[in-house]
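Undergrad: Below are the structure tokens for one structure; questions will follow.
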Amino acid sequence: RDCKSDSHKFHGACFSDTNCANVCQTEGFTRGKCDGIHCHCIKDC
């Protein structure tokens, strides 16, 4: 099961899944992707 959370460190509009994922990894998540203009972090629960 995936747990999703808005990124707390990502600033600005999200246009790159790679940038979002890199920021999410610094927050303890395994991956991340853009959802609209927001960066959402994902990890296994």
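For all residues, glycine too, the Cβ spot is worked out from N, Cα and C.
I grabbed these lines from Swiss-Prot:
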- Cys3-Cys45: disulfide bond (DISULFID)
- Cys14-Cys34: disulfide bond (DISULFID)
- Cys20-Cys39: disulfide bond (DISULFID)
- Cys24-Cys41: disulfide bond (DISULFID)
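Can you walk me through where each of these features ends up in the structure?
TA: In three-state terms derived from DSSP, Cys3 (disulfide bond) belongs to an extended strand segment. Sequence-distant contacts of Cys3 (disulfide bond), defined by Cβ-Cβ distance under 8 angstroms and a gap of at least six in the same chain, are Ile42, Lys43, Asp44, Cys45.
Secondary structure from DSSP puts Cys34 (disulfide bond) in a beta strand. In the structure as shown, the Cβ atom of Cys34 (disulfide bond) sits within 10 Å of 18 other Cβ atoms.
A C-beta separation below 8 Å, combined with a sequence spacing of at least six in one chain, links Cys20 (disulfide bond) to Ser7, Phe10, Cys14, Gly32, Lys33, Cys34, Cys39, His40, Cys41.
Around Cys41 (disulfide bond), a 10 Å sphere centred on its CB holds 25 further CB atoms from the protein chains shown.
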Undergrad: Looking at Cβ-Cβ distances, which residues of the chain lie under 8 angstroms from Cys24 (disulfide bond) while being 6 or more apart from it?
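TA: Listed in sequence order, they are Ser7, Phe10, Thr30, Arg31, Gly32, Cys39, Cys41, Ile42.
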